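The UDP binding site feature in Swiss-Prot is assigned to GLY16, VAL17, GLU18, TYR19, HIS385, LYS386; the stated evidence is sequence analysis. The N-acetyl-D-glucosamine binding site feature in Swiss-Prot is assigned to HIS243, GLU405, GLY406, PHE407, GLY408.
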Amino acid sequence: MTIYNINLGIGWASSGVEYAQAYRAQILRSLGMPAKFIFTNMFQSENLEHFTKNIGFEDNEIIWLYGYFTDVKISGTTYKKDDLEATFSQCPTKKEASSDRKLIRYYFENQELYINASLYGENQEYVQRVEYVVKGKLIRKDYYSYTKVFSEFYSPGENGVQLCNRSFYNEDGSIAYEEILSNEKSTFVFSNKICYGLEELLEFMLEDLSLTKSDLILLDRATGIGQVVFENIGAAKLAVVIHAEHFNEKNTDEHNILWNNYYEYQFTNADKVNAFITSTERQKILLEEQFTQYTSLHPKIVAIPVGSLDQLKFPEQSRKSFSMMTGSRLAIEKHIDWLIEGVALAQKRLPELTFDIYGEGGERRKLTELLTKLHAGEFIELKGHKQLDEIYQNYELYLTASTSEGFGLTLMEAVGSGLPIIGFDVPYGNQTFVCSGENGLLIERPKGDDRSRIVQAFADSIYEYFTKFKMADAQQYSYNIAENYKHEKLVERWKDFIEEMLND
């Protein structure tokens with residue numbers, strides 16, 4: 001019996017989907033249930049293991065689609081510079097290191113060749129990627145973990161060089177299979193099989209897993225692969241995990257519903273799904289009502305929170321007065337800019353206010369510029385990516401401007417540290433973790449997302465909280481809500497669900 005969890009990618013700034021999987025991995029470990037987490041994306045800029053280990057997965061829990069067909073194990077990068085240099089057919093005549101020591105360039109007597117090695121590790125002692133450049137043109141890249149994992153080969157193209165081939169290796173250096181790329185299409189060539197495209201490669205892997213009725217597939221992301229998974233699960237049971245708002249409210253009326261395109265295939269083929277999993281009871285009830293109203297299908301839907309709390313966290317010393325925080329990817333849909341402007345406005349009435357923003361992402365530069373523009377750098381700070389477990393409880397208030405959260409892991413963690421919350425009155429996370437007037441405030445989202453009204457509403461709510469709320473009562477209310485999300489309760493819910501699925 002194995003529980004296979006299927007996803008696409010993962011990165012340093014992981015989304016709630018990956019964090020939900022990491023929480024699930026902890027629970028399945030505690031239940032002693034074998035689990036594998038499958039990632040189907042290609043990883044070039046970073047070793048997949050560094051991403052998965054960073055978020056809490058164990059190496060033996062990970063399956064990488066491209067690595068599945070080799071005997072190279074999921075592992076951190078430990079291939080040494082000395083090992084690389086031992087493969088050179090001639091000694092370098094010169095070495096140059098970049099200022100940050102993350103790149104070393106080797107020059108040889110043959111002036112037409114140089115080699116770039118991207119380094120990894122605290123002392124940059126390991127090699128992660130190597131580029132071979134001849135006559136100023138890239139011809140090959142090699143990627144390493146504890147051994148060479150795969151190589152990419154390049155040929156001249158209209159706009160410089162273009163990737164034309166990949167070779168994936170076994171531990172002994174032999175080629176396990178090759179990927180031929182042409183016109184952005186891939187053909188995977190094995191000794192006994194050819195797969196035309198990524199979908200056929202995934203199909204090949206699913207067939208090789210020899211899934212039985214004792215196996216369970218949990219489909220977390222399905223973009224581009226949903227149909228392949230549905231058609232190749234064999235006798236295994238299939239559950240689809242809903243991580244976000246599942247429909248478009250603006251384009252839904254009493255006769256027609258517009259499903260979220262990420263879930264449309266799954267919902268259209270709900271008769272082939274053993275269960276759908278939402279993270280909140282509110283979303284479960286709504287989805288049940290919508291299936292009844294808009295379709296003839298009545299699938300099984302269960303609500304299981306995507307995260308849990310090992311324990312409630314209490315401050316070792318007094319929380320910093322007038323302190324606020326948020327934690328999320330610095331992505332446009334998180335609307336951190338609204339929070340910054342709202343805090344800057346509120347600070348004019350409450351000069352003691354401070355606001356710390358945890359997370360990384362593509363919006364960092366814009367947010368930095370906004371802080372400069374508002375002259376807010378002294379009381380609002382971008383703190384970068386941090387493990388927040390022991391950080392929440394040092395603050396007095398949590399802010400969120402997300403307009404949709406399927407669950408909101410940081411919201412759960414915030415109430416688990418006694419933090420009241422201010423955010424929009426929107427499904428599903430905010431409405432699950434905040435009782436407006438008790439442990440924070442829910443703000444009505446204005447039509448058209450009127451920026452000035454939103455900023456003013458956040459400023460007014462922050463002022464109201466710090467001047468009118470009894471903080472001790474609000475904090476206790478958050479702790480009371482968090483009790484329902486303690487680890488042992490979630491373990492039982494997963495245990496019951498899995499047993500029901502496999503025994504059905």
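Note: Cβ is positioned from N, Cα and C throughout, glycine not excepted.
Overlay of Swiss-Prot feature records on the structure.
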residue	record	Cβ neighbours (10 Å)
VAL17	UDP binding site	19
GLU18	UDP binding site	25
TYR19	UDP binding site	18
HIS243	N-acetyl-D-glucosamine binding site	22
HIS385	UDP binding site	16
LYS386	UDP binding site	13
GLU405	N-acetyl-D-glucosamine binding site	28
GLY406	N-acetyl-D-glucosamine binding site	22
PHE407	N-acetyl-D-glucosamine binding site	25
GLY408	N-acetyl-D-glucosamine binding site	28
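In sequence order, GLY16, ALA244, SER279, THR280, VAL306, LEU409, TYR428, GLY429 are the residues of the same chain, not among HIS243, GLU405, GLY406, PHE407, GLY408, whose CB sits within 8 A of the CB centroid for the N-acetyl-D-glucosamine site. For HIS385 (UDP binding site), the nearest of the binding-site residues HIS243, GLY406, GLY408 in terms of C-alpha separation is GLY408. A strand conformation is recorded for GLU405 (N-acetyl-D-glucosamine binding site) in the three-state DSSP classification.
Of the residues the record lists as binding UDP, namely GLY16, VAL17, GLU18, TYR19, HIS385, LYS386, the two whose Cα atoms sit farthest apart are 18 Å from each other. With a 10 A radius on its CB, GLY16 (UDP binding site) counts 21 other CB atoms from all the protein chains. Under DSSP, HIS385 (UDP binding site) is assigned to coil, being neither helix nor strand in the three-state scheme. Recorded residues VAL17 (UDP binding site) and HIS243 (N-acetyl-D-glucosamine binding site) have their alpha carbons 7 Å apart, per Cα-Cα distance. The separation of HIS243 (N-acetyl-D-glucosamine binding site) from GLU18 (UDP binding site), Cα to Cα, is 10 Å.
Rounded to a whole number, the C-alpha distance linking LYS386 (UDP binding site) with HIS243 (N-acetyl-D-glucosamine binding site) is 23 angstrom. Cα of PHE407 (N-acetyl-D-glucosamine binding site) to Cα of GLY16 (UDP binding site): a span of 9 Å. Residues HIS243, GLU405, GLY406, PHE407, GLY408, recorded as contacting N-acetyl-D-glucosamine, have a largest CA-CA distance of 9 Å. When the alpha carbons of GLY406 (N-acetyl-D-glucosamine binding site) and GLY16 (UDP binding site) are compared, the span between them is 9 angstrom.
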